[in-house]
Amino acid sequence: MEISLLKALLSNISSFLNLSSFEKINSEPVQKYYQRAEEILKLLKPILNAIIDSEVTSDEVLIKAFEGLGLSIEELREQCDSWQPLLSKVYFVLQVESLISKIRNPSLEIVQFLKCSHLHLPDELSSASLEHCLQKIKHVGYEQTSSVIREAIRDQVDSVGPSSEILAKIAENLSLGSNQEILIEAVALEKLKENAEQAEKTAEAEFVDQIIGLVTRMHERLVLIKHSQTCSPVPIPADFCCPLSLELMTDPVIVASGQTYERAFIKKWIGLGLIVCPKTRQTLAHTNLIPNYTVKALIANWCESNNVKLPDPMKSMSPLLLHAESGLSRDSSSVPRSRSSQPISPESQSTSQTDKNLVTSSGLNREGTSPLHPRSTSKGSLPAIDGNGEYLDVARISLSSAEEGSNLEQRDFPQGPIGDANESLEASTHLRANSDVNGEVKSDSQPVASSAIPQREAEFSPRFMDPRSRSQRIWRRQSERFIPRIISSPGIENKADLSGTETQVKKLVEDLKSTSVDTQREATAQLRLLAKHNMDNRIIIANCGAISMLVNLLRSPDAKTQENAVTALLNLSINDNNKTAIANANAIEPLIHVLETGTPEAKENSAATLFSLSVIEDNKVKIGRSGAIGPLVNLLGNGTPRGKKDASTALFNLSIFHENKARIVQAGAVRHLVELMDPAAGMVDKAVAVLANLATIPEGRTSIGQEQGIPVLVEVVELGSARGKENAAAALLQLCTNSNRFCSLVLQEGAVPPLVALSQSGTPRAREKAQTLLSVFRNQRHGNSGRG
């Protein structure tokens, strides 16, 4: 048996050494780590060959060393063999440096044991030759980048923050010297975090999140360096710079997510097989690149006014993008495989696994000024273009339900071209209700791009089956989206001159201070109007100090002033920096006041503003702890149809933060959510998405059972949209795996046939949940028959 174990070890070593003929082994960071392991194993292999027939191999110390060494070599071989350029370099280094230590240490133990052994050894294994080998293994060159990474993470957790020198060292060791390489790393890490969350590996997900924070710091450092190196005599407006190159754009184009990039950079990015938006993490529904003539003209005018020459975009392109294939193929065969669940935390140990999914992510909603944190897998659609070829501010366009005839909502749509290609699509975040293995739905905060054809549905819209009846209900096709609407009054057709706008805004801000109710009402109405048009106006309004004044007017006794103020803040919150500024102006409690006392429209827009603010993680905590959940639940149960949708959207986002789930349940939300799962309400997908999150806590499951939520969840599994079925299955899975009683109730509702159908034809996640549920049912039956 010991000889077989040794032979297996030698086979593993040979298999590992054969990797040297693979082209990927010659790429960084694989090459240097492979060479270190190769050097050790080439020294060890002749020694193991020499003792294969020796009685020394039966020694317990060697047997233990052979076992551990064989496992480590096999795992390292899998890590090297599965490496792809789009995987996380930080992940790889943390893995392989640990494995090389696990190879080096037992190798030293084996040689040291043989050197000191009193048993007869083959002649070639003299004490001198073994000592020579021992010293060579000890001196195999090997810099511990992983220890530097972990030290940086510790500094970050301790709020000290890694030094610029440490960040530079990590970037240099991992070849993360360009913004493009850092963004690719961020995409890969987000995928790892998503996989850890789906596998319910909380500690691992938190560790990956810490790494993401570290990479974010590396990105921020790079941006500062880039700004300091700019040769432009005047600061370049951020919206004129490509998020990939950080350079002034010469040929700006819009991608399916609505973001604008330099054509050469985004084309090469997509050519790598990265069909995700670098900034938002949104999976691109298509790879068409639409010229952004508006931004191009603005850049040209700015360059002319400031005597700035446009750069050559190719000069700042990273080697990885430079050598990307020029084609825009979405063939899945060209997409590298990603590791799906291998732990990277120091305490975790696991064998390597692979997942054919594209390196994207769909997990926790994270949005800020950095492009590293937004996450999404939902698909977008083409930016809307009017009959004159102008890009519309589609953030304020949403599709109504079937009951409303699928027409555009007539609520303050802008009619002119946008002033900033990124503005409208950063503006209104919508949520695709994704659910993980644990059944919890994650929000994918992401920009919305509406189609030029109102009836066209994006991927996340419900797609109901042909109308059929179940429990006397009529199921219709609906177009529901988790979208905060950007609302204002019909307004100005043309983009105002910025200097004129600034003068106007300063005058309006002064009017907000007036003691005249009429003056305040008119000023808030004008700011509401200006805030709807473009990003420039929103920035100017914020910079002129209007936000704190508007927040104060949320408590105005004049209903119209209050309504104008809350709507203006909603429109201002389109800008990420304004989200933070509004929250920092202590707006949350005044917004709750509007929720409790305002007009129906003011309540709707207050809920939508709270949703918009909750896109930022810290605000989820603040909003939940400030008492907003009760009024939101009240709006959910008693508001207008639009108010109910706004409330459900806000509650969905708040329910992502674990602490808020119990608050939502205690406020009585489950009863309203179950009622809103009637298709006639037009809110099935919204309601079931929130319930899927609430089902992850005991109080939520109890309340779902008490409020008769099980029958309607089963109904959605049978007749709902693709996304609705997935989330309903996630909720039922939570109910059934935590309670035999609930499991029996689900079976009594006839869940098996629709679950069998879902296990064969649903989304990948829906199929997985349906199969798991069916397995739970089988196990319960077997368990019951065994006890009988």
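Cβ atoms here come from the backbone N, Cα and C positions, even for glycine.
Just so it is clear, the model here is predicted, and its values are computed rather than measured.
The feature coiled coil is assigned by TrEMBL to 179-209. The compositional bias 'Low complexity' annotation in TrEMBL covers 327-353. The compositional bias 'Polar residues' annotation in TrEMBL covers 354-368, 425-437, 444-453. Taken from TrEMBL, the feature compositional bias 'Basic and acidic residues' covers 456-469. Annotated domain 'U-box' per TrEMBL: 235-309, in sequence order. The region 'Disordered' annotation in TrEMBL covers 327-387, 402-472. Marked as repeat 'ARM' by TrEMBL: 545-587, 627-669, 668-709.
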Secondary structure content of the repeat 'ARM' (545-587), with strand meaning DSSP E or B: 33 helix, 0 strand, 10 coil
Residue distribution over DSSP helix, strand and coil in the repeat 'ARM' (627-669): 34 helix, 0 strand, 9 coil
Rounded mean pLDDT for the residues that make up the repeat 'ARM' (668-709): 92
